[in-house]
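Worksheet for the structure shown next.
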Amino acid sequence: MSLFLIAALPFLGAVLPALLIRAGRNAAASAAGLTTFLALMGLLIHIPSVMRGDVVTARFEWIPALGLNANFMLDGLGFLFALLILGIGLLIILYARFYLSREDPMGQFYTYLLLFQGAMVGIVLSDNILLLLIFWELTSLSSFLLIGYWKHLPEGRQGARMALAVTGGGGLAMIAGMLILGNIAGSYDLSVILQNKDLIQASPYYLPALILILLGCFTKSAQFPFHFWLPHAMAAPTPVSAYLHSATMVKAGLFLMARMWPVLAGTDAWFYIVATTGLITMLLGACIALFKDDLKALLAFSTVSHLGLVTMLLGFGTKFAVVAAVFHIINHATFKAALFMTAGIVDHETGTRDIKRLGGLRHLMPITFTIGTIAALSMAGLPPLNGFLSKEMMLEETVHTTWLNSHYLVPGLALLSALFSAAYSFRFVSHVFLGPERTDYPHHPHDPPVGLWLAPAFLVVLVVLIGLYSAAIVGPLVAVVSSAVLGGAELPYYSLKLWHGFTPALYMSVVAVVGGLFLLSLYRQSNALWNALPRPEAKVIFEAVIGALATLSRWITDTLHNGVLSRYAIIVVAFTVGLGYYAYTSGTIGPVTREPLPAPVIPIIGWICLVVATLAIMWFHRNRLLALVLIGVVGLIVSMAFNYLSAPDLALTQISVEVVTMILLLLSLNFLPTDTPRDSSPARRWRDAAISVVAGVGTGALIYAVMLRDFAFPTISDFHLANSYKGGGGTNVVNVILVDFRGFDTFGEIIVLGIAALIIFALTESVLSTNVRAYLLNRKPHWPQSGDSHPLMMVVATRVMMPIALMVGAYIFFRGHNQPGGGFIAGLVVAIAFLMQYMASGYTWAIERQRFFYHGTIGWGVLIAAATGIGAWFNERPFLTSDFGYINWPPLEEFEWATALLFDTGVFLAVLGAVMLALDSLSRLAWQPGMAQEFPMDINPLRNDPKVDELKEQA
Amino acid sequence: MEALVASAVGVMTAAGIFLILRRRTFPVILGLSLITYAVNVFLFATGRLALDAPAVLNKYEEVPYTDPLPQALVLTAIVISFGMTAVVVMVALSAYLSSKDDHIDMTAQDSVDAPGEDA
């Protein structure tokens, strides 16, 4: 199976549980299980080539210019982790089906789980570090969803937030480190980076890159001092804890350290940072774990301790330590997943996981007792179980390690943590299962159904078999994985067996086990001592730091973003002016290359009108109606200027937009105050005026300079001119650009326009649903109303003009491809024709005759445009490729058809609908109940009109 | 001609900026309209000015054409700016109708009342 498919399967499968949960919980669980099983089978197919030591790859160039390629590779290391992720994932899916209760949304659970699984598989199979980073962040996000799965529990939400903050923060550091590493190596492909050990370690950026990458690994793998998030993540359901903390999430950091081992390891910096951190974490985790009363907290800290163990081994930088680390990763995954599941079963069946309330369960839950005891003894490092083997190798390696010239420090501390480790493992067994039976369990405990204990039982069988026949079962795998971690270097001498003779490691093991038993026998005293010791509470510190950061950012936001919009505006303008000034002083300007056009009298008159009107707006803007009239003047002059300067399409658009904008602003002015009071002090007005003048002069000078110079580079306009007729079938190049060359832009723009109209509609709806409605219904207008709100002359004129206006619209629409016009302009013209009816005959009259809703018009417009674009796919062309041809129907003259016309129909409908919906919404605000009785121009004497009836009665 | 267009752009920009620095909604809307004109003319003018040379192909003789691309961009900009103006007008209107106040600046009281401040 292709590596792409293996990585994609969990993501693809993630939708299934969410959909299938309606068919029942078994369907959702089976879909999740089947997806995982398929991916697992796909992985296992590659066993022969992986065991030969080959690297399976799948490459896809995505953005080669950025080095961002979707490259996957499968070597021994990736295979081991993918096997753990998918294999234990399958067991967890089985276990979770029986663990979760009816109230828990199981579809959601499996969806999150598969998303997480996909992200993890992506990490271990990535050959490109940018791709790896994406998957890395995805694990942080999806684990957030999983840890916070029980949304009703505050601990769950806090734990999820903490995990996201710590691992996500580390991930950010890692992005920086990876980018540095990629820059040093000159490639973002792991296979290239891994070949460049000398180059990377000689680089001055080696240390920063190392520290940043390790930050990512340490936060993810819960290494000291970032270990505190892991126990808090235990608020998640037990299947999540078992999955995240035995085989996957926390192992991602170990995976990456192993992956990068060939290039990063072997230096003093690596040894002292990684091995020391691992050693401290191992000791600290083991020590805390012993004194935890919550079963899952005990396992959480023991996980921290074991992660520290593997980190320390990788940090040693020796080949033998790598083999031990690889072996321990396998062993830890098996016994720890089984232990988490056991803890979940105990919790599920007794109703508590508080060790102080448990004990004596061995006869009540014999199966659980057997499973839990074997797994715990493996964790303690007792022969003949697998935990013993890798712990022996670890102890053996520490004996040969010197730390700052001390031969005893590392083995001593390792022995101490092995002792603690044995003690908490024995405590797990004795305080939960041994001892006298109790009568005060919250539930009556008994062994769970087979679905719940099958998965841990399977793992425990592995624990025993690996312990007894390690060389036969996992020997080849360990060899292949170790040589992948070592980067192809020769494997050291090692042997996976129980008996190596009387070695120092054996003595240390014996001391650890006996010491552990002794420590447990003194548990009461040591626990009292532990509780008497002062120790920092990580959660309190974390919350305090987060609280301080939140206060700081709130202060910054409130200071910069204090709600004074006019201040933001002035900052933006002043900054832009400053930027322009900097560009002007720092750049150079070429010589004038164009002759200015002559300026005859009429344009000069237009210019005078425009400038006078604009200055008058500035001066008289407090009289709002006057300012509006003056704006209209400016708009008219601008459209005339477009017409004069060879832009007939723009002139047509501008003048029709001008009309609808004016209607819109007049409508709004109906509700707003008629005058703007003088708010600003004279000093402020002068300051604003000064900034405005500087900005205006700058803008004017810039465009003046541009207009007098030719293009610095050849433009694409010549292409448009040359291909408009040949390729687009139209002679109006502006229209062909809109509907053809840049049709996708236009498509986006009509969508934006439609959204704007819908926003206006929604705002109107929400305003009218508040007490504003009562105010509007009883509102008195600002100005005296005209005596006749529907003047006869205007009503007649608009109704006569309606068909003519529609005809003009149609004409403009159809000629648009070859002559000035098109869908935009036609839509505006037809909208104006409708608006005239609203104005002359009244809103009530108009909507009584409205046969369709404007929402639908917008929708059809967008759909028609989209369908036209999609039509190109059926001819195996890209989206929105247009086609055209000529039709000859005698006796008509030959005429052209073009798919662009259909697209333009969509534009037409969308523009029409958007303009009408916007203005219609505003008009609704003005509606008052009395208006319903007013009839514009009573042309039908037979109609039932109360006024007429009244008159008849009087007569 | 270029001087006329450039100075008109400058005057409209200056007046538009002056108006958007006012403290009530309606002048700000007017200012945005003026800036819209200025920006549209500015963009149009980057295609350089030409007289009697519309970008409509002439089948019968070789004639000069003006630059069609800025025109196409400005055409959609004009229509979109209508949509933008309409939304801003509606927002301003809703705010005024709900609070009977058309100041654009939020007062300290407004920020206290603002939602989304859960600790």
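Using N, Cα and C of the backbone, Cβ positions are placed for all residues, glycine too.
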Which is it, of A:12-35, A:132-155, A:852-875, that TrEMBL names as transmembrane segment?
A:852-875
Which range of A:408-429, A:474-495 is transmembrane segment, per TrEMBL:
A:408-429
With a cut-off of 8 Å between Cβ atoms, can you find at least three pairs linking the transmembrane segment (A:162-185) to the transmembrane segment (A:109-125)? Only pairs 6 or more residues apart in sequence count.
no
Of the listed stretches A:76-97, A:109-125, A:367-388, A:408-429, A:689-707, which one has the most C-beta pairs under 8 A with the transmembrane segment (A:450-469)?
A:367-388
Distant-in-sequence neighbours of the transmembrane segment (A:505-523), which means Cβ under 8 A and at least six residues beyond its ends:
290, 380-382, 388, 391-393, 395-396, 399, 411, 414-415, 418-423, 425-427, 430
Based on DSSP, tally up the residues of the domain 'Na+/H+ antiporter MnhB subunit-related protein' (A:794-916) by helix, strand and coil.
86 helix, 8 strand, 29 coil
Residue distribution over DSSP helix, strand and coil in the domain 'NADH-Ubiquinone oxidoreductase (complex I) chain 5 N-terminal' (A:63-110):
32 helix, 6 strand, 10 coil
Work out, from DSSP, the number of helix, strand and coil residues along the domain 'MrpA C-terminal/MbhD' (A:610-673).
54 helix, 1 strand, 9 coil
Which sequence positions outside the transmembrane segment (A:625-645), separated from its termini by at least 6 residues, show Cβ-Cβ distances below 8 Å to it?
603, 606-607, 609-610, 613-614, 616-617, 651, 654-655, 658, 661-662, 665-666, 669, 674
Which numbers of helix, strand and coil residues does DSSP report for the domain 'MrpA C-terminal/MbhE' (A:684-764)?
67 helix, 1 strand, 13 coil
Sequence-remote contacts (6 or more beyond its ends) of the transmembrane segment (A:109-125), Cβ cut-off under 8 Å?
3, 6-11, 13-15, 17-18, 28-29, 31-32, 35-36, 39, 72-74, 77-78, 81-82, 85-86, 89, 92-93, 96, 100, 131-132, 134-136, 138-139, 141-143, 145-146, 149, 237, 239-240, 243-244, 248-249, 252, 255-256
